[in-house]
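The structure under discussion appears below in the form of structure tokens.
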């Protein structure tokens, strides 16, 4: 190691584990001698500590990054901590660094933590600079004509594609790094798996190759192959038709700017060739990138969106709290083959095809009517590409809890979806060997098969494969009753509020919390619930509070978007005999004349100084800092959760993280 006088710059890496197109690393290299630090503090994430497969990925990604950094001459420090801010301050002091560089993150815990870091180190005379390395545009750069955030994906993405300046082109990795003196700052060993997990984790290496150089290979493979027929093949669950980039993107092994840049090159090429299929595929894939962007955008502008619905009336939906349902779904024992195959694949591999994610999540919230946060948390615990912002958007979309979410009464049939994405039944047979001998005619609905067909296939319903967990007709009735009750509760609460009885139905502070399933170690549910088989409703009105979500299922409009980044596509609307739980959405609910007044132009306001001081004002995106997050008190609509429902300073989440209420942006030098 060189640089005996200490270290000029410290680079703090999180979910940006790459050398190429890493603006924080590039700025540090330009500034002088460099040390790189990674701090492992999972306890800070609360209920959203990384699951087993995520930790496996992180372990191998860090190993490749460390090797690459050392080959360039850089020092790499790892620290085990329960307090990232304190550990970072200690590393700065031990290395003598005068500059700290890091890349922005947009989940609420990171927003609060990054603000604290900037304040603490700036006060000690350290220059702190943060950069955009995770998005095409910073959240505060994309606004409507009035400077307000968009509330629907379509408007947001149209603005992104029509911005007056293009996203920056990706930068090459540094050729050499001058290492600072880190002799007084030894690394801590990091443990990402225990002995009980090693056997399961060993299987992951057969299918996945973590690391930034492997991410480049995966991107090149996709662009040179499946991208061309992406629009035609993206629904197929039984073959490799998507990009498989989402884990690489989550950990920052490849930049979204590089993905966007290379795909756009293909777009121009195919347009010049008149290749309409290729152009359609590119547009759909770019839309999936847009959904990933939108997930960060929503998290920045609505930092409680992983805890509660954005549409206020949905807090009155009486979810069914039934751990038996949850266990059957989790174990792939619902009696619906496509759902069960998906859940067994998820447990075995940590992965699900976009389409299957939509099917199993829609079944969860609409057929079983289980609280959507249970499903979101289970995805977080089991997915390789678990990503808080994308999962929150995906599950809120599926549940109809955001302004442009899926309709409350929209039902997706696992049977119908099965023949779309697994027409020959090969996917089901792979993961449900007990159904392997069933003819394709019956593979997605064995309950309709003649008895002689079942006997010949060795299938005994109710024994080696379950009957459907929910009766269709009963589910439809239950859903209708739930929607009716939701609107009645919402109307009663509104009436109580208008009559000066704010602590009436709308106040759940005295309600005893209902615990989440113990085996997932989730937080508590404070909203209307129903316990089966009892038909009485135990009413609670606030959404659960969870301290911190990945990509899961997102899509907007009628065009499907299968996303490698955010893994989000939603199947075509199917009316079928499945019982579902849905949450009301502005487009669909008209029960008992209690229809909310939903205004698509409603916005949440970013504080005025954010527009003038952010990097968007000059088109400059490097070295920027995050503007003030300060919701307007005058731009609320019934479409959104109001102050009393968690939007403002009374939000339990914001009370735990007061920095988010009006946190000040620091100048990019870190000095006043």
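Using N, Cα and C of the backbone, Cβ positions are placed for all residues, glycine too.
Annotated features in TrEMBL:
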type	residues	note
DOMAIN	7-136	domain 'Photolyase/cryptochrome alpha/beta'
BINDING	230, 242, 243, 244, 245, 246, 285, 385, 386, 387	FAD binding site
SITE	319	site 'Electron transfer via tryptophanyl radical'
SITE	372	site 'Electron transfer via tryptophanyl radical'
SITE	395	site 'Electron transfer via tryptophanyl radical'
REGION	549-571	region 'Disordered'
REGION	609-631	region 'Disordered'
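Cα of residue 372 (site 'Electron transfer via tryptophanyl radical') to Cα of residue 395 (site 'Electron transfer via tryptophanyl radical'): a span of 6 Å. Confidence across the domain 'Photolyase/cryptochrome alpha/beta' (7-136), taken as the mean pLDDT and rounded to a whole number, stands at 95. The FAD site in the record is lined by 230, 242, 243, 244, 245, 246, 285, 385, 386, 387, and its two most distant CA atoms lie 23 Å apart. Residue 386 (FAD binding site) is surrounded by 27 other CB atoms, counting those within 10 A of its CB over all protein chains shown.
Of 230, 243, 395, all annotated as recorded positions, the residue with the shortest Cα distance to residue 319 (site 'Electron transfer via tryptophanyl radical') is 395. The two recorded residues, residue 386 (FAD binding site) and residue 395 (site 'Electron transfer via tryptophanyl radical'), have Cα atoms 13 Å apart. Mapped onto DSSP helix, strand and coil, the domain 'Photolyase/cryptochrome alpha/beta' (7-136) counts 64 helix, 28 strand, 38 coil. Neighbour count (other Cβ atoms within 10 Å of the Cβ, all protein chains): 27 for residue 243 (FAD binding site).
A simple way to gauge crowding: the CB of residue 230 (FAD binding site) has 24 other CB atoms within 10 angstroms, across all the protein chains here.
Cα spacing between residue 243 (FAD binding site) and residue 395 (site 'Electron transfer via tryptophanyl radical'): 21 Å, rounded to the nearest whole number.
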